[in-house]
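For reference, TrEMBL has these:
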- 28-47: transmembrane segment (TRANSMEM)
- 59-80: transmembrane segment (TRANSMEM)
- 103-132: transmembrane segment (TRANSMEM)
- 152-171: transmembrane segment (TRANSMEM)
- 177-199: transmembrane segment (TRANSMEM)
- 211-230: transmembrane segment (TRANSMEM)
- 236-252: transmembrane segment (TRANSMEM)
- 264-285: transmembrane segment (TRANSMEM)
- 305-326: transmembrane segment (TRANSMEM)
- 346-368: transmembrane segment (TRANSMEM)
- 374-394: transmembrane segment (TRANSMEM)
- 465-484: transmembrane segment (TRANSMEM)
Amino acid sequence: MLYLLWSLPAIIVIGLIATGRADVLRAALAGALAALAIALLAAPRHFQGAEAATAILRGGWIGWVVVPYILGGVLFWQIASRPGEGADAAEAAPGGARARRRLLFAACFLVGPFAESATGFGVGIIGTMALVRRLNVRKRHLLAFSLLSQTLILWGAMGSGVIVGAAFAGADPTRLALHSSIIVVALHIAWLPLFWRLAAAAGVTAGWREHAGEAAWIAAGLAAAIGATAWLGPEIALLAAYGPLIVLRFLADQRPGRRRLVEGLWRMLPFAVLIGGLVLSRTLPFLRHMLAEAGRMAPFADAPAWSPLLHAGTWLVVGGLATALLRGDGPTLPGEMRAAWRTGRLAVLSIILFSMMAEVLSLSGIAAALAQGLFLALGQWAVVMTPLVAGTFGAITNSGNAANGLLMASQVTLAATAGLNLAAAVALQHMSGLSMSMFSPVRMAIVCSLAGATGREREAYRMMLPFAAAALLVLFGAALLIALRLI
């Protein structure tokens, strides 16, 4: 009975969202309040007012650290991606089967993930859909291709999910991202043949040479992203890796004339300056040290510190403001800021509430007690439940943060108790919630709304079912390898 009581916060969150009685924000608030009440009444360790205040403040701090990524990313993307005067000519429908296929691949696996890494919240869908529309494919195929922009969600929203997940696990964000990237590679091996099949069904066909080229581009992109993660950290890794790749792909596919090349480079300039500045701030030791120490705040042990001048979110905000002013769009800034807040506020407030809930469950000992109960019942095989449980939370809440907030501390305790590979178990938990959020009702609603196909969410689900099934097979395979202590 006590285990059921301790599980109530998770049950409340998933129940409210699954039944449609509350959105993610209200469900997060209800779950946080339930966690606090249960912890004060029936925590397995000492947990009173002082401990509760510490947990709430610590959770709020962890949530706050990622807020600039979210709002800054949305603001910068809105301003920097606004089409320029020469955009119309570049947006003509491509002629020829080869050009159509190359545009489709770049939209799904390069441009979309790049946009998602800068902003998160499904914004990559917008970039991919804008390009795929030019191919005049059927609506159901447009929905599916647009959702493939989410395949590199590990680095979405400037890696903010990794930073939050690592904070919950007491791990280093870079190490968590690197371990999780192994699962990302496996997912792409499973997803790429499904993309080929989907493209053929949509009438955008290609031969084996083009397939081999696409596999090589994905391999190069993943290698660059993983290398950049090890070198620069998860915040700017995908921007730094995929920015140059997109330029190379543009030059290879379009072979633009001088005028179009200048126009394209001018449109890419804000991204190039931002990425270059971020790379320098992390690779020049004296500059990194100076920026990291200026105004640094670290009020809680084992929680992310905040260095305002080094924080990539600050750079995004400044970059967006500077771009608007240099383009003469200063009068539009108030409207852009309001639009950024409207886009990001749900994610911002939800992350803060889920972070508070996670800290309450962790500091009260409830998360550890639940993990020990699972281990007593299932032994080392309890880890095999991770893809199902965390994946369900990810799919329903449209985020890996809820799954990590509710389950990460338990996963850490479970792995330690069962003698499993801790890094692998944490990466499995993180990627289970994150990868299945790609198939959430929220994302389906977003893509249908943007495509002018409101009410056709079931059709979108049918198109994406093979991708979801492949993801679950990969995740369960990883879970079995962890349980068998093969990794």
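Quick reminder: no glycine exception, Cβ is built from N, Cα and C everywhere.
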How about the transmembrane segment (236-252) and the transmembrane segment (103-132): do they have 3 or more C-beta pairs under 8 A, pairs 6 or more apart in sequence?
yes
Distal contacts, the transmembrane segment (28-47) - CB-CB under 8 A, six or more residues away:
2, 5-6, 8-10, 12-13, 16, 22, 55-56, 349-350, 353-354, 356-357, 360-361, 363-366, 368-369, 402, 406
Long-range Cβ neighbours of the transmembrane segment (211-230) (under 8 Å; 6 or more residues past either end):
105, 109-110, 152, 155, 174, 177-178, 181, 184-185, 188, 192, 196, 236-238, 240-242, 245, 249
Contact ranking winner - 59-80, 103-132, 264-285, 346-368 against the transmembrane segment (305-326), Cβ under 8 Å:
59-80
At a C-beta cut-off of under 8 Å, are there same-chain residues at least 6 beyond the transmembrane segment (103-132) that contact it? List them, or none.
69-70, 73-74, 76-77, 81, 94, 142, 145-153, 155-160, 195, 199, 204, 214, 217-218, 221, 238-239, 242-243, 245-246, 249-250, 253, 316, 343-344, 347, 442-443, 446-447, 450-451
